[in-house]
Every structure is written in C-alpha cells, then in structure tokens.
Amino acid sequence: MDQAKFSDGVMHTKDRGSTHLSQETVKKLIHQSQEAKQHSYCPYSKFRVGAALLTPDNCVFTGCNVENACYNLGVCAERNAISKAVSEGYRSFKAIAIASDMNDQFISPCGGCRQFIREFGSNCDVYLSKPDGSYLKMKVDELLPVSFGPEELSLKKVFDIPNDTEPVL
Ligand code: THU
C-alpha cells in the first residue's frame, strides 16, 4: 500500500469520543464520501461510489469502487473503506457514509456490503446519501434483518466436525 496516499484518506474530526454524531460531523462524513467517489475506477459500470467510515476515535477511512476487466473481481467502495480500516487495526465503527451520482435516489449498499458492515457489529449507522448532501440514516439491522454474523459460528451444533479432519490435498 502506498503509505503517502493512504494517510491522505485518514482524517481526524473535531468531536473526539462522542457517540451521537453532530449534524456537522454527518455533513463532513458525507462530503468525504463524495470526495472518495472522485477516485472511483469504474470504466465498466460508469457508476461511481464513494464511502467514508468513522471509527470510535473519530478517524475517517475512505474508499471507492475499483472495477476490473475480469468483472467479478471488482470491489465496492464500502468494502474498500472497511478493509483499509481493519488493516490499520480498527474493528468497530460508528458510521459509514455512502455517495453515488444518482440524482434522485439514495445510494443503497449492496447485499455483500451490508454483510461486510455487519461483520464488525450492528451498531454502525449507515448514511445513504444523494449528491446534494441529503441523506437517509439507517441501522445495520434495518438493512440486514435476521443477519448471520460471527457469533453464529460458535453456537451449539448438532454435529461437530472433528478437529483432526484433514483437508484434501
Ligand atoms: N457499488 C459499490 O461500490 N457499492 C455498493 O454498495 C453498490 C455497488 C459499485 C460496484 C460496481 O463497481 C458499481 O457500483 C456498479 O454496480
């Protein structure tokens, strides 16, 4: 990873430690997602998406969608932002703002991104925005009800795969 470029994507906001986001913080986070959208690499879909993710200590990690000639390798903006944050040591998030170019519709995170956000907790607020800065605030549980998460993996099962099960070589 290009360290210089990466640190550009990390910003500190004023209201350190607060749980409720001020209008100013929400506005700023949405603005940062719009800025991230400008880096979108989307020659195939021509659909730009940006995301800005707020950590508990008020750092912001941004991401954009990055497509590929091998279409299925494309990565969404939200997943890029989350992966950047996780690879820098963060595992819980206060909020994520998402931006696109759609005039009349709030950008809605795809199913995979909903699951990706949910992995790191259901308390993250998700701000679906329009280019004019208006937004819809949603909880992860609203976007992905009755979700499957890491907790399920350790629940009691009727059958346990033995620990000495060997992989096929
Ligand atoms: N896209 C995102 O980046 N996030 C979403 O939640 C929805 C879709 C991207 C993926 C692809 O590059 C383009 O938008 C069109 O689907």
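Heads up, the Cβ atoms here are built off N, Cα and C, so glycines get one too.
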Co-listed Zn(2+)-binding residue [TrEMBL; alongside CYS110, CYS113] among CYS70, CYS76: CYS76
Environment of CYS76, CYS110, CYS113, the listed Zn(2+) site - residues of the same chain whose CB lies within 8 A of the CB centroid: ALA77, GLU78, ARG79, PRO109, GLY111, GLY112, ARG114, PHE116
For CYS76 (Zn(2+) binding site), the three-state class that DSSP assigns: coil
Cβ neighbour count within 10 Å of ALA69 (substrate binding site): 8
